[in-house]
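First up is the structure itself, then whatever we jot down about it.
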Amino acid sequence: MRINGAESLSSSSKSEADDMIETENESLRERVCDLEKKVLEQGDEIVCLRSTLADVLRRLNQLEGSRTLSLNTSALKNGNTPRAGNHYGGNGHHLISPTLSQKEVTLRYRSANEHPASALRDPVRRVPSHNNSHSSLPQRRAVHYQSTGSLHSDSPSSSSVSPVPPASPSPSPTRPGTAQKPQRLSGTNLYNSKRWSSTGDFNQAQNFSVAPQPSTLASSTRDATYNEEEGSVRMFLRGRPINLYAPTAEIATYDITKVATAPSSKLKLDWVYGYRGKDCRSNLYLLPTGEMVYFVASVAVLYNVQEQSQRHYLGHTDDIKCLTIHPNKLLVATGQTAGHDNHEGKPHIRVWNSVSLATVVVLGLGEFERSISCLSFSKADGGSLLCAIDEGNDHNISVWDWQKNEKGHKITETKCSMDTVVAAEFHPLERNQIVTCGKGHISFWTLDAGGTLYKRNGIFETTRDRPKYVTCLAFTQNGDVLSGDSNGSVVIWGRGTNNILKVARNVHEGSVFSICVLKEGSIITGGGKDGKLIQFDTSMHPTGYEAQIAEHLGGIRTVSEGRGSQLLVGSTRNCILIGSLSMGFSPAVLGHTDELWALCPHPTLAQFLTAGFDRIVQLWDSLSRSVVWSKDIAEQAQSAAFSIDGRIIIVGCVSGKWIVMNSETREIYSTHIDGNEPIQVAKFSPDGQLLALGSRDNYIYIYQVSDGARNYTRLGRCTGHSSFITHLDWSKDNEHLRSNSGDYELLYWKVKVCRQVTHSTQLRDTVWASNSCVLTFSSIGIWPEGADGTDVNACERSNGSKLMATGDDFGKVKLYSYPVKQPKSLCHVYGGHSSHVTNVTFLHDDSRLISIGGKDTSVLQWEII
């Protein structure tokens with residue numbers, strides 16, 4: 001449909017604005033994120049101090065309570081009756097009346113305007129665990145304290161519902177963005193002063209002697225201690241004391257100073273599911289080896305479709321944002337964003353060999369501001385130069401002599417544009433000529449002999465011709481420049497000039513996201529909105545050949561030439577398709593498009609299920625390395641579980657709904673609602689007769705299962721956590737549950753009556769069917785040095801109980817020997833994810849481990865060797 005005048009500008013502008021808003025606002029988000037980092041860091045310190053002070057107050061309370069009882073006992077022996085209203089003894093110390101309950105005592109330390117019931121629920125400042133659709137600002141997942149009490153123990157100073165310190169922020173499981181992970185800021189005043197990390201600091205300062213000091217693991221920043229009398233390990237997360245009880249058989253032999261060795265088993269990356277087409281361009285090519293090369297997360301994937309084999313380049317430490325191929329078709333250059341690693345976590349470029357996967361050179365460590373968005377090898381001189389665009393505020397363009405010395409040599413760097421730059425390409429025929437394009441511009445650059453870049457902006461004949469975005473570039477065989485734009489037009493620019501030769505208008509409805517010039521000279525254009533591929537001859541006249549990809553696969557992000565007449569197509573919904581205009585296209589790679597959280601293995605088959613905020617549930621087969629089926633459930637998913645026989649799937653949603661569906665036919669049997677907050681975790685009991693659902697509303701809902709796991713009757717809900725539920729484990733006898741929450745509580749429950757087991761030691765010898773809880777005695781060692789309680793997102797014990805895997809906020813998958821009961825436990829560490837790893841699981845036969853990323857939307861399959 002042809003649209004003219006202001007209506008055309010309005011429609012195309014609106015369409016492109018919707019598509020490019022993430023990139024356009026990058027600079028603003030970066031600045032706001034930097035401020036958020038500082039605020040969060042200072043908030044962490046304040047919470048740490050507040051929690052430590054509250055713990056001291058509880059200890060004082062306990063001491064004063066015992067002192068009061070002893071004084072009153074002495075008074076009674078002397079014939080004196082204590083006055084209930086007298087809270088001060090003759091020595092001036094604060095005394096508590098023995099008639100007051102422990103709950104009333106602890107309430108004395110709350111602020112005057114705080115209601116006691118607030119300890120049962122999150123305060124008003126609750127932050128949802130799911131992505132906030134109104135803001136795409138990257139944030140660190142800052143789980144703050146809501147309850148200052150230690151984890152439940154038999155000590156009278158511990159309560160299942162702990163007092164909330166005044167103005168304490170709510171625990172927030174908001175995860176960080178893929179590119180911006182706030183680091184500890186050494187410049188803050190609190191970090192320059194003494195960090196009060198445990199109550200021991202106060203004890204030393206004030207000479208309190210609460211209990212005999214047990215041995216301390218000196219190398220641990222958590223100040224872990226072991227009490228031989230109680231058989232308990234006391235550790236600290238962000239200053240909060242946590243008591244974990246050893247099994248009876250290990251009380252006498254447990255040595256907290258012992259260092260546990262790493263397991264003999266290791267992980268090998270077996271398969272990578274997914275592709276990054278949602279927000280990256282020109283990242284799909286065919287190599288002479290017959291492999292497609294593309295990237296997802298921090299992995300560059302080389303995939304041979306005919307042989308169904310993958311190889312992986314794992315040199316990057318965080319999100320890969322761009323990729324280009326050397327003219328010799330052997331070398332590949334990839335650029336990454338800022339990451340966690342102190343050295344190679346900085347934005348940089350890696351040139352590597354696609355046959356040996358060896359790194360040839362690393363360019364620009366410490367030279368780039370934010371990330372590399374575009375790369376291009378020079379072509380007219382055989383690829384001796386490399387051009388790069390930095391995504392910093394000035395969008396600098398730099399040219400590198402990448403072969404000069406070990407680190408390459410930067411020839412020049414200059415400001416490219418104040419606005420977003422989406423593509424940069426060396427001219428294939430003109431030496432030292434570069435073309436860049438982006439928001440509202442196309443620029444033609446010349447690199448002179450002295451190493452200076454000169455720019456000429458493209459001249460649009462009329463205001464009507466000037467698009468909001470110039471979205472892609474290509475070159476004809478005679479050297480003319482082709483550009484696609486947000487108006488749906490393709491513009492031909494004369495070779496060596498900045499003037500328009502010809503305009504083909506309204507080629508696509510919406511933006512033209514890709515232009516591919518085939519070897520025989522014809523031109524293929526791809527529409528980002530209409531999902532069409534259209535062929536033109538060398539003069540931009542339609543040949544009559546076109547194709548439409550399925551709507552659910554997204555729009556066209558990139559097009560490149562494949563084997564023979566085949567085309568490779570990357571879509572905006574993270575799919576890769578192979579085919580031709582005459583024969584059609586079929587998907588070769590499918591992936592998720594939004595943050596992933598739900599992951600569960602099939603109980604008897606080599607399959608697993610994933611789901612996330614893109615509302616798509618996918619069942620994968622780990623042997624064929626393909627998708628068995630996909631289903632749009634129209635709800636953002638947070639958790640999932642298979643029934644014991646594998647026939648039924650439970651999907652917990654962000655809205656508080658949970659769905660019962662058939663694992664073979666995908667039929668939805670029923671939909672239930674428990675609260676209006678995310679169902680964080682779902683688990684069937686070992687006998688399959690009960691279902692437990694942990695919600696962000698702080699409750700655990702228990703259901704009776706019947707009719708082959710198709711019908712559910714609620715038995716009740718477990719109430720006692722003061723923050724959202726994060727993890728659950730069933731006991732092997734189906735009688736008990738243990739649960740973790742956002743404020744680091746470990747509580748135990750009698751399931752059939754939905755009551756809390758108030759004495760943790762009663763269950764110290766319980767055999768558990770799984771170990772998904774990150775806070776247990778058998779998972780002490782998974783917490784790294786300086787852990788703040790939010791670092792480890794998930795852990796899972798292997799079915800053979802020999803290994804434990806974890807996923808953390810730094811994109812790492814770790815493998816431990818199980819049980820991980822030593823605070824100092826060695827492990828194997830693996831990269832590949834670029835965002836926080838949200839979940840891990842072992843397949844039913846322990847042959848493979850599956851890990852899923854958050855913002856990177858990737859699914860990694862690891863072979864256990």
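Heads up, residue numbers simply count up from 1 along the chain you see.
Cβ atoms here come from the backbone N, Cα and C positions, even for glycine.
Features as listed in TrEMBL:
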REGION    1-23  region 'Disordered'
COMPBIAS  74-83  compositional bias 'Polar residues'
REGION    74-96  region 'Disordered'
REGION    115-225  region 'Disordered'
COMPBIAS  129-138  compositional bias 'Polar residues'
COMPBIAS  153-162  compositional bias 'Low complexity'
COMPBIAS  163-174  compositional bias 'Pro residues'
COMPBIAS  175-224  compositional bias 'Polar residues'
DOMAIN    309-579  domain 'EML-like first beta-propeller'
REPEAT    589-621  repeat 'WD'
DOMAIN    596-864  domain 'EML-like second beta-propeller'
REPEAT    718-752  repeat 'WD'
REPEAT    830-865  repeat 'WD'
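Looking only at the repeat 'WD' (830-865), the predicted model's pLDDT averages out at 96.
Counting residues of the repeat 'WD' (589-621) by DSSP class, helix then strand then coil, yields 0 helix, 19 strand, 14 coil.
Within the repeat 'WD' (718-752), the DSSP-based counts of helix, strand and coil residues read 2 helix, 19 strand, 14 coil. Helix, strand and coil counts from DSSP across the repeat 'WD' (830-865) read 0 helix, 19 strand, 17 coil.
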